Structures are given as structure tokens and as C-alpha cells.
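Have a look at the structure below before the remarks.
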Amino acid sequence: MEERFLTPKDIGEEQLTRTLRPQRLDEYIGQRNVKQRLKISIEAAKVRNEALDHVLLAGPPGLGKTTLAHIIANEMGTNIYVTSGPVIEKQGDLAAILTSLEEGDVLFIDEIHRLGRAIEEILYSAMEDFKLDIMIGKGPSARSIRLDLAPFTLVGATTRSGLIGAPLRNRFGMVLELEFYTPDELKQIIKRSARLLEVKIDDEAAELLASRSRGTPRIANRLLRRVRDLATVDGTGKILSKTVEDAMKIMGIDAEGLDDMDRKILRVLIENYEGGPAGLKAIAASVGIEADTISEVYEPYLLQSGFIVRTNRGRMATKKAYRHLGIARFNGIGPLWDSTGD
């Protein structure tokens, strides 16, 4: 399989990520239903000698969407071209990519929800009929020509599937929602990554690290690398529970996997807005980061873990958030919600 990046990457970080990335479905830990559906479709496409149907992978950051795109190309024995929605600014940019694809190739578009509407429209006929309609010239003399494309597989990844228009979404043969990982799955991922990084870690330390990883493999691997650094510096050479605890204190990550920004968001919601409801933009302005960053990076785990709930009027802190921060509710003011939002 040849892998070509159409988007600039941090080479060092990408090489390390590729070292830890599973290459086949049977190496991929977690997402059982997603793997089963992909396995059936891949095997069927290979039997029929066809390109795999287009795939949309949706879910919070760090759950393995990019990894699955590469696995799809590996399993199909084809090349993968990697780009992202914000990079494709002009119709000509996408046309150049599409016309360079060979039969069966995988085109992976990360952040596909950030494609412009005009770019999306080019994809309609490309995905459905493997045809490319482009305009030549301008004004009254402009004319449209249609080019044939080699059958290919588009794999799109998104953290905000609701922003993808129905015409584009409906052209994906498979729409797969990735879920947060269980502590046991994260423990398996951590132990596998430790073997690849050639660092020893005991079971208790792996379990502890998994519990701090927010249900997210990318975070688990990032924390593992930082804990490995501490084990190297302190001379033990092996990751023990104490190593993990010490590293978590240094990084400000608590027993629930919350970091300083998570706690700041909860504290602002409770102290500035009396527990809510509060709008996302108001919270973002108070903590000093973009609203999109909160909704894509922080909010999914805070919702999943029961620290906040979303209502028609905005976000509200739950009793669990108050307890976690050690803040008493003032004279009955505060959330009427328990940790499940009921």
C-alpha cells in the first residue's frame, strides 16, 4: 500500500503515531460493531473485485477514525490519499485529487464537515457515478465537461456529522459512529503500545492509566508516552502505578481523567452561571477558548461521563460536577439533574 499525504503533517508526531497504529482489522482493539460491518463489506468488495462503498466515520476526536481509514486501504490492498476539508479550498483542488486516483484507491478526507458547499457538490457525481463535472471558461461562453473517474472509495471523518448536508451524507454507503472505549479496551491498547515502544508496564499501572484516558486511545497513547518519559528520568525503566500517579499530578489530570481546562469549564458553569443553563458561546468566552473547541474536544467526554447535560436552554452542571469540584449548592440554587441527566 502506498500512502500519500496531501496535507502537511508534523513528521515526527506522524511517524510515532504510525508506529503505534494497528494495520489490520484483527489488530484493532474496540469498536466491535464497526469492525464487523467493515469486515463484511471489505470481504464482499474483494470477492466482487469492486471498490469498497464510501464510508463516513463519525465521533469525537481520537477514537480511531484515521486509523480505520488506513486499515481499510490495507485490507483492500490499495493506495490511500490523505487530506482534510479545510485544505480543499477550490474546486480545482478537489478535481486534481480525484483525477489522480487509480481504481480502488482510498481518498481520506478528515474534517469532511468543513468542506465548502461548492466542493461538496463536485463530490455528488464523483461518489455516485464516478464522473467529474467541471466548468470550462466563464460567463456566457462557459461550458461543462464530464470526465470519467476510476472507481474509488471516499472515507470521510467528522467530529460534527450534523454539519454534513443530507445530499453528501446520503451518498455514503456506510455511516459508522465510533464510541468511547471501555477501560478494559484502553488497557489492552496501552499494553500493546507499551510493547511497541519497548517499555515495561505492569497490569495495575495500565489499568490506572486507562482510567485517566477519557475513553480515548489517542489520549491513552499520549499519556503513555509522558509516563514513559518519567520512568526514564527517575531511573526505574518500568512503568509502575506510582509512576502513573506522579505523572498525572504533574500534568494536572485527576482520577476522572479531567484536566485543568475541563475543571475550568465546570467551575465557570457553576460559579459564573449558577450551574446553568448557559450557552456554549458564553461559556467559551468565560474560559477563553473557541466554542468549537469546547463542543468538539471537551464536551463529548463531559457529557458521556455525566458532568454536564444539554438542554434546550443551554448546558447545565450535574450534581456529579458539584461533588467532583467540592462545591456546595447554594440555597437550592444549582442543577436539578443527577449524574445521568434524569
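Including glycine, each Cβ sits where the backbone N, Cα and C put it.
Residues or ranges marked as ATP binding site by Swiss-Prot on the basis of sequence analysis: Leu20, Arg21, Gly62, Lys65, Thr66, Thr67, Glu128, Asp129, Phe130, Arg171, Tyr181, Arg218. DSSP assigns Gly62 (ATP binding site) to coil, not to a helix or a strand.
Packing around Thr66 (ATP binding site) is summarised by its Cβ count: 19 other Cβ atoms lie within 10 angstroms of its Cβ, all protein chains included. Sequence annotations record features per position, and here Swiss-Prot assigns Mg(2+) binding site to Thr66.
The annotation DNA binding site is assigned in Swiss-Prot to Arg310, Arg315 on the grounds of sequence analysis. Shown in sequence order, Leu269, Gly276, Pro277, Ala278, Gly279, Leu280, Ile283, Glu299, Ile308, Val309 are the residues of the chain, 6+ apart in sequence, with a C-beta less than 8 angstroms from the C-beta of Arg315 (DNA binding site).
Note on the region 'Large ATPase domain (RuvB-L)' (1-181): its mean pLDDT in the predicted model is 88. The annotation region 'Large ATPase domain (RuvB-L)' is assigned in Swiss-Prot to 1-181 on the grounds of sequence analysis.
Sorting each residue of the region 'Small ATPAse domain (RuvB-S)' (182-252) by its DSSP state yields 51 helix, 4 strand, 16 coil. What Swiss-Prot records for 182-252 is region 'Small ATPAse domain (RuvB-S)', and it gives sequence analysis as the kind of evidence.
According to Swiss-Prot, the feature region 'Head domain (RuvB-H)' maps to 255-342, an assignment based on sequence analysis.
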Per-residue Cβ crowding (10 Å cut-off), top of binding-site residues Leu20, Glu128, Tyr181, Arg310: Tyr181
Other CB atoms within 10 A, centred on Phe130 (ATP binding site): 17
DSSP-derived helix, strand and coil totals, residue by residue, for the region 'Head domain (RuvB-H)' (255-342): 41 helix, 11 strand, 36 coil
In the chain carrying Gly62 (ATP binding site), residues 6 or more apart in sequence that have Cβ under 8 angstroms from it: Thr216, Pro217, Arg218, Ile219
Rounded Cα-Cα span from Arg310 (DNA binding site) to Leu20 (ATP binding site), Å: 35
